[in-house]
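For Arg59, Tyr200, Lys206, Arg327, the entry in Swiss-Prot reads substrate binding site. Marked as ATP binding site by Swiss-Prot: Lys206, His225, 242-250, Glu291, Arg327, 447-448, Thr453. The feature Mn(2+) binding site is assigned by Swiss-Prot to Lys206, His225, Asp263.
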Amino acid sequence: MANIDLSQYGITGTTGILHNPSYKTLFEEETKEGLTGYEQGQVSELGAVNVKTGIFTGRSPKDKFIVDDETSHDTVWWDSEDYHNDNHRATPETWNALKEIAKKELSNKKLYVVDAFCGANKDTRMAVRFIVEVAWQAHFVTNMFIQPTEEELANFKPDFVVYNASKAKVENYKELGLHSETAVVFNLTSREQVIINTWYGGEMKKGMFSMMNYFLPLKGIAAMHCSANTDKQGQNTAIFFGLSGTGKTTLSTDPKRLLIGDDEHGWDDEGVFNFEGGCYAKVINLDMESEPDIYGAIKRNALLENVTLDDKGNIDFADKTITENTRVSYPIDHIKGTVKGFVNDKSAAPAAKSVIFLSADAFGVLPPVSILTPEQTKYYFLSGFTAKLAGTERGITEPTPTFSACFGQAFLELHPTKYAEELVKKMEANGTKAYLVNTGWNGSGKRISIKDTRGIIDAIHSGAIKKAPTKKIPFFNLEVPTELEGVDTNILDPKDTYANPADWEAKAKDLAQRFIKNFDKYTKNNEAGKALVAAGPQL
């Protein structure tokens, strides 16, 4: 039991505190006899413990609030009629009431306190203290954040405190101006987060990502929802942006290269660095052959979420009974081939040479690869486009577009143009090139092959794409290579994949119109946004 005083936070009468417990202790605590409900962990055949998170098997965006005070009022990108997002306003009075609920829930209990860092660079990292009453929640943040050394722990002074009161409820939520009995609320002045009535671990992970997304760009550091890797010498860094289903994880996990991280990164004057100390991978339909790295990472100390196990601990990765969003969190050293431990002692590498935007275009319009200008980089970054095929009631499959600012709108606390400015500033200072890669469909009706996409990514890493002959395609005015080693030449111009080129033109005009309509929101009262219209599609 630790010698740590929580009365400074208004938490009193604790019956015991486990401070940064070891994995062995966490395993014992989350599987011990007598635990019931969602506190109870079940040991799987692979050694990892599986837990259930109740009705919340993902984040609850409608229940995310930020205290509207002098710190946040003029800086936060608030939810508005013009542009809906997840940054809902809470009053200081509501904050005080919610913190009281959390303090009451956490008082007179045995608690777990985990002190950890968010950010691999010492100058800009955030020291976070997590106060929780559930053992597996302590395990989750131990996996996902960067663990301090013994010396760092002895001198730990938190920059941010998270109170996880998942067992409590906000019964008077209506009078507090909330949407439900659940609340995930941030106070940027006191640097605290309160979580009430949701057990989902990702609220702590993405909560701290949102805070890095607030504080870092204000210091001139790019904060990014992306994966990143580098070559075996740790010098040729690449960043991959992309929404779910675009191949971000698949393409950044490359046996020829070293992984920096799979989800959250910053870019400062030293280079690109991971915010996290672990990975949080989807495991629905996980297969040992196709994703050996993730499968191999599921062992003791990994934590499975909402996966179906039988009485003997056998895992059914195909079972969606609880959710399709089944997950595993594990420390990054469960993966072979990472920068940390291979090139240096942290998940970081020099400035990126390539920035890759991944879009799975189900309209069949975008080229497999386009070379972007700085203005186009900002435009397509702010657009954050992908599309998926959705079946309609008549069995016709129609593309559904998704536009998510900066490929991570849910986690942006500042206006999207701020993230675009910081990214392009870093790119211009380092001579970084940006590419738009379509991992979706073309006129053949088939998805662009993973072989061709990997050939494109290899040509970007090697620099071969910079020497390739190019041409411009109409409406989008994108520069595309006309030949590229290891890639089928016939697919490089999407128009060539259509039996009738007029079909591509009709679809291109339709998609261009969707981009234009989506971008309109950036032009309202925003000169930076207006200036970028010319970089987008023109009709």
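Glycine too: its Cβ is placed from the backbone N, Cα and C atoms.
From a predicted model like this one, the values you see are computed outputs, not experimental measurements.
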Next on the checklist: Under 8 Å between C-beta atoms and at least six apart in sequence, can you list the same-chain neighbours of Arg59 (substrate binding site), or say none if there are none?
Outcome noted: Val184, Tyr200, Gly202, Glu203, Lys206, Ala410
Checklist entry - DSSP three-state call for Tyr200 (substrate binding site): helix, strand or coil? => result coil
Checklist entry - Around Arg327 (substrate binding site), how many other CB atoms lie within 10 A of its CB? => result 23
Checklist outcome for this item: For Thr250 (ATP binding site) and His225 (Mn(2+) binding site), the CA-to-CA distance in whole Å is 16
Next on the checklist: Taking only the residues the record lists as binding substrate, namely Arg59, Tyr200, Lys206, Arg327, what is the largest Cα to Cα distance between any two of them, in Å to the nearest whole number?
Outcome noted: 14
Checklist outcome for this item: Listed in sequence order, the binding-site residues within 10 angstroms (C-alpha to C-alpha) of His225 (Mn(2+) binding site) out of Gly242, Ser244, Thr246, Arg327, Ile448 are Gly242
Checklist entry - If the substrate site is taken as the center of the Cβ atoms of Arg59, Tyr200, Lys206, Arg327, which further residues of that chain fall within 8 Å of it by their Cβ? => result Gly58, Gly201, Gly202, Glu203, Lys205, Tyr280, Asn325
Checklist outcome for this item: Same-chain shell around Mn(2+) excluding Lys206, His225, Asp263, C-beta within 8 angstroms of the CB centroid, reads Lys205, Phe209, Glu264, Gly408, Phe411
Checklist entry - Whose Cβ, among the binding-site residues Ser244, Thr246, Thr250, has more other Cβ atoms within 10 Å than any of the rest? => result Thr246
Checklist entry - DSSP three-state call for Thr250 (ATP binding site): helix, strand or coil? => result helix
Checklist outcome for this item: Cβ contacts within 10 Å for Gly242 (ATP binding site), all chains included, total 26
